[in-house]
Amino acid sequence: MKKHNYSAGPCILAQEVFEKAAQAVLDYNNSGLSILEISHRSKDFVAIIEQARALVLELLKLDPKEYTALFLSGGASHQFMMVPYNLMQTSGKAAYLDSGTWANGAIKEAAFFGETVVVGSSKDQNYNYIPKGYTVPEAVDYFHCTSNNTIYGTQMKEFPAAKVPVVCDMSSDIFSRVLDFSKFDLIYAGAQKNLGPAGTTLVVIKNRILGKSTRAIPSILDYEKQIKAQSMYNTPAVFAIYTSLLTLQWLKKQGGIAAIEKINNQKAELLYHEIDRNPLFEGTVRPEDRSTMNATFLLRNMAHAPIFEALCEAAGISGIKGHRSVGGYRASMYNALPIASVLVLVAVMQELESKV
Ligand SMILES: *Cc1c(COP(=O)(O)O)cnc(C)c1O
């Protein structure tokens, strides 16, 4: 039986994506070859990566003359280092918003390259809100923020005005809601949260921010060289990129980001409503900062945990355990999670209420 998969990442993808990807492993497009055994320089794969790169910009409504989409290797964490490597001047400075574990990881890596200015932090409350009321200084090379804090279940609803390039880690909410993506100069996202399987990272760059640093950059870490090589400086993650393309095509067929956002909001409202209504549960995040992607919540009485978890398991709910730094539960409701799965979880929460 197919589970109701609430895993935070790698995570659920659309069923039709799984089926098409599985078919391509056996025989890609009736070519007599598996997607796993074709050359990345073959006509077939070049068409795949070109379509994927173009579809990313189309869905984000970004001008392909101004922006470039790359599928790089190394995960979102790799971008923690690649961003300062490319964008920080030698002995430069960058501003960071500290909204959680991943933001912190990015700050630590940037410190290898220059000075980091933390403009706001919610560490004092174990990151249960988004820092607000800060200003982005002008004398920095860029400002970095994390749009959705996967571990803590907070999400930025607004982004600050900045006179410097804005860099955003959108790993866990890219393609989930409409934003004016042209306000961002560099967006990156590990594929495994809302785009595809693990193994590739999407980077979307406004071309004109590049070429400003005097730092010598090793070729494979140099965005300009990656752009020149059409995102194929070395062998890219062929299967992960193909499956990402299938997901992008699926998303377009659903009506794009605006259509999926409506469903994401319905799912989030259903679950948060139950968390607030049900006396056995409580949310961990300030209501105004709640993420539509990752809902974090606790049982008020931990003695109920074994019963709740057994009910979840019996209902086919998987991957709902909270991250160790928050505890409790985390329901990740990425684009491909059907509303029906949320209804099952809400029913289980109500069943628990009637049982204890
Ligand atoms: C998962 C995640 C990361 C880390 O991604 P990797 O691909 O494992 O390096 C970074 N940032 C955010 C917001 C994430 O959710």
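One-based numbering along the chain as shown.
Using the three backbone atoms N, Cα and C, a Cβ is placed for every residue, glycine included.
TrEMBL lists ALA76, SER77, TRP102, THR150, ASP169, ASN234, THR235 as pyridoxal 5'-phosphate-binding residues, and of the candidates GLN89, GLN192, GLN249, GLN254 the one it assigns to that same site is GLN192.
Cβ neighbour count within 10 Å across all protein chains ranks LYS193 highest among the recorded positions ARG41, LYS193.
Of THR150, ASP169, ASN234, all annotated as binding-site residues, the residue with the shortest Cα distance to LYS193 (N6-(pyridoxal phosphate)lysine) is THR150. The 6 Å Cβ screen around ligand 1 retains TRP102, ASP169 from the binding-site residues ARG41, TRP102, ASP169, ASN234, THR235, ordered by sequence position. Under the three-state DSSP scheme, GLN192 (pyridoxal 5'-phosphate binding site) falls in the helix class. Packing around SER77 (pyridoxal 5'-phosphate binding site) is summarised by its Cβ count: 16 other Cβ atoms lie within 10 angstroms of its Cβ, all protein chains included.
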